[in-house]
Amino acid sequence: MFSQRIEQALTIRQEKGLSRQLNVLEGGNQPMFCQGSRQYINFSSNDYLGMATEPELIQAWKEGLDKYGAGSGASPLVTGFSRAHAELEQTLCSWLGYDRAILFNSGFSANQAVLFSLLEKGDLLVQDKLNHASLMEAGMLSPANMKRFRHNDPEHLNTQLSQPALVVTEGVFSMDGDTSPLKNIKQICDKQNSWLMVDDAHGIGVLGEEGKGSCCAEGIKPQLLIVTFGKGFGLSGAAVLCDKPTGDYLTQFARHHVYSTAMPPAQAYALKKAANMIQSQQWRRDRLAELQSAYNDTLSGLEGFVSTPTPIKPFICGDASHALSMADNLKSHGFWATAIRPPTVPNGSARIRITLTANHSPEQVKALAEAIVQFSEEHNRES
Ligand SMILES: Cc1ncc(COP(=O)(O)O)c(C=O)c1O
């Protein structure tokens, strides 16, 4: 039975041209990497601030290993919670202005843990339609009644709030690179006695004063803030920021926290270093602003170009095969920019998802943009 199911699902995916594959990068996440004999400039990494290859940060992880050994050895409530974890939590709290920061091994698990532990039967959960799969899946599996509001549409959110609810949105949307109207959304939540949870996976480190993220940029403080460490931090893991009672509650009841081995203390040690670097190294955000100008200067006006206030630059192709041929063409010019296809994005909106990082140079971004212009012109001539 299972073999047949597996074979059928794989065949359908293949026939729709939607199969994905793992790519082995010899040197790991580098600004330039080799595959086979070819070298590519990496325009698909979420390491927006260019932290993952930063010697200072690598050195911190090594120091953490020397101080604390390799793994944490247990879940946090047993013996897995070290001084390094406690200091990371404290650093996040003072930087972002919360009482508590509860650590998780991934953003996916942090999102699931919050929704599963907080929601009960009869509750209302209202989510932006384009929220990440981890949020949508948890919402659907939770006992709450889940509704969606139209993407970034506070008026529509307002109509969905038939009772006090948990409202969940992202600070920056990962496939579109647009930002959420958080100020409006927070006002509506306050008026409707609802709590707001913001997943700022793509905004933390990148937006706001000292890289405090989307909420700081919009001047709001949601009841629950999710920050993830796999993108702007250049590492991995996540934290939920909240007030003390909520933190105490999650410590007791968030199953992905309670029943999962704590992240290695050396990683927590490196994450604290990353948080300090993000706060003090404004030049990384300035570099991103410069790169965004270079990208916009060459591409604005071209069909498929989308202007975004973040380093995420979707270039909309429409159908999946067009996106794939554009990605292949860019590869032939030495640029790695991944084609994103349904079901990750809605049908008819397949795209190239380009991400700029502080490790790129304006010249590299200009060269990528020129290759996009050239491919689009050739494609238009042919069709
Ligand atoms: C908005 C959002 N939330 C959560 C996640 C999951 O985070 P992690 O990769 O740490 O599991 C991602 C991405 O991968 C994301 O884009």
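Glycine is no exception: its Cβ is also placed from the backbone N, Cα and C atoms.
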Request  = Please state which member of T91, T159, T228 TrEMBL lists alongside G107, F108, S174, H202 for binding pyridoxal 5'-phosphate.
outcome  = T228
Message = Of the recorded positions R20, H132, K231, T344, which one has its Cα closest to the Cα of H202 (pyridoxal 5'-phosphate binding site)?
response = K231
Key: In the chain carrying H132 (substrate binding site), residues 6 or more apart in sequence that have Cβ under 8 angstroms from it   = G107, N111, E170, S174, D199, A201
Ask   = So which recorded positions out of R20, K231, T344 are up against ligand 1, CB under 6 A?
value = none
Task = Check the Cα-Cα distances from K231 (N6-(pyridoxal phosphate)lysine) to the binding-site residues R20, F108, T344 and tell me which is shortest.
result = F108
Ask   = With every protein chain in view, how many other Cβ atoms are within 10 Å of the Cβ of T344 (substrate binding site)?
value = 15
Inquiry  = Please identify, from the binding-site residues R20, H202, the residue with the sparsest Cβ neighbourhood, meaning fewest other Cβ atoms within 10 angstroms.
reply    = R20
Request  = Please state how far apart, in Å and to a whole number, the two most distant Cα atoms are among G107, F108, S174, H202, T228, the recorded pyridoxal 5'-phosphate-binding residues.
outcome  = 14
